[in-house]
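Q: This is the feature table in TrEMBL:
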type: BINDING; residues: Glu7, Glu9, Asp145, Glu157, Glu159; note: Mg(2+) binding site
type: BINDING; residues: Lys11, Arg55, Arg57, Lys65, Arg125, Glu157, Lys193; note: substrate binding site
type: DOMAIN; residues: 5-201; note: domain 'CYTH'
Amino acid sequence: MAQGLIEVERKFVPGPGTEERLQELGGTLEHRVTFRDSYYDTPELSLMRADYWLRQREGSGWELKCPGAASVSGPHTEYTELTAEPSIVVQLCEVLGAVVPGAGGVAAVLGPLGLQLVASFVTKRSAWKLVLSGADGEERLLRVDLDTADFGYAVGEVEALVDKEAEVPAALEKIHHLSSLLGVLAQEKAPAKLIVYLQRFRPQDYQRLLEVYGSKEQP
């Protein structure tokens with residue numbers, strides 16, 4: 001698979017005082033932004049059921065989240081992010097067992113690969129960043145996104161990006177430490193916006209994923 005950054009993240013339910021707490025911890029508000037995410041898959045959800053998540057974000061382009069090594073258990077997820085369209089096309093064809101077509105971006109292969117729009121919704125986000133020092137003195141940049149979707153669901157996410165698998169445990173330690181400082185319970189899990197969207201508006205698709213993942217966290 002083409003190389004991409006490894007995204008280690010943990011979702012939580014934000015409270016009314018979450019932004020104030022981030023400020024107290026030295027966090028910086030980077031921006032507030034509104035955007036639309038559109039997710040694509042086959043009618044059978046072949047990608048999502050294999051833990052691949054294809055998204056087009058308004059103003060940002062395409063992204064494919066690919067499953068990480070999942071070497072550490074707990075209330076977090078680990079994915080490799082692909083954003084270069086040629087790499088996304090190659091990976092999609094591999095997952096779906098299709099021949100890689102000639103030149104063309106992701107939009108050009110949606111039809112040939114049988115991919116269709118599965119979900120689309122607007123999110124209001126406040127994006128924060130802060131540097132957290134670990135017990136070893138090493139500092140790591142963490143990002144915290146506080147999202148509210150247009151269908152009324154709010155979720156927070158603590159995220160670190162690393163270059164290689166060996167850096168994941170240290171990133172996880174910082175994520176869990178910051179989560180505890182924000183008052184998140186140790187084993188608290190909050191479903192992703194997409195999962196809640198499917199549960200509310202496409203219950204048959206939601207059941208398809210539930211058969212594969214059970215209560216396991218998805219992005």
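One-based numbering along the chain as shown.
Cβ coordinates come from backbone N, Cα and C, glycine included.
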Q: Enumerate the residues of the same chain, Glu7, Glu9, Asp145, Glu157, Glu159 excluded, that satisfy the criterion Cβ within 8 A of the mean position of the Cβ atoms of the recorded Mg(2+) site; list them in sequence order.
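A: For the Mg(2+) site the neighbour list reads Val8, Arg10, Lys11, Arg143, Val158, Ala160.
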Q: Closest of the binding-site residues to Glu7 (Mg(2+) binding site), Cα to Cα, picking from Arg57, Lys65, Lys193?
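A: Its closest listed neighbour, by Cα, is Lys65.
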Q: Which one is it: of the binding-site residues Lys11, Arg55, Arg57, Lys65, Lys193, whose Cα lies the shortest distance from the Cα of Asp145 (Mg(2+) binding site)?
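A: For Asp145 (Mg(2+) binding site), the spatially nearest of the binding-site residues is Lys11.
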Q: I'd like to know which of the binding-site residues Lys11, Arg55, Lys65, Arg125, Lys193 sit within 10 A of Glu159 (Mg(2+) binding site) at the Cα level.
A: Lys11
Q: If I take the alpha carbons of Glu9 (Mg(2+) binding site) and Lys65 (substrate binding site), what is the distance between them in whole Å?
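A: Checking the Cα atoms of Glu9 (Mg(2+) binding site) and Lys65 (substrate binding site) gives a distance of 12 Å.
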Q: In whole Å, how far is Glu157 (Mg(2+) binding site) from Lys11 (substrate binding site) when you measure between their Cα atoms?
A: 4
Q: Using the structure shown, find which entry in Lys11, Arg55, Arg57, Lys65, Lys193 (the binding-site residues) has the sparsest Cβ neighbourhood within 10 Å.
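A: Ranked by other Cβ atoms within 10 Å, the binding-site residues Lys11, Arg55, Arg57, Lys65, Lys193 bottom out at Arg57.
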Q: Taking the domain 'CYTH' (5-201) alone, what is its mean pLDDT?
A: 89
Q: Measuring Cα to Cα across Lys11, Arg55, Arg57, Lys65, Arg125, Glu157, Lys193, which the record gives as the substrate binders, how far apart are the two most distant ones in Å?
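A: Max Cα-Cα spread across the substrate binders: 20 Å.
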Q: Going by a 10 angstroms cut-off between Cβ atoms, which of the binding-site residues Glu7, Glu9, Glu159 has the sparsest surroundings?
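A: Taking Glu7, Glu9, Glu159 as the binding-site residues, the minimal 10 Å Cβ count falls on Glu159.
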Q: For the binding-site residues listed here (Asp145, Glu157), tell me which residue's CB has the most neighbouring CB atoms inside 10 Å.
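A: In terms of Cβ crowding, the pick is Glu157.
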Q: Measuring Cα to Cα, how far is Glu157 (Mg(2+) binding site) from Arg57 (substrate binding site) in Å?
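A: Rounded to a whole number, the Cα-Cα distance is 17 Å.
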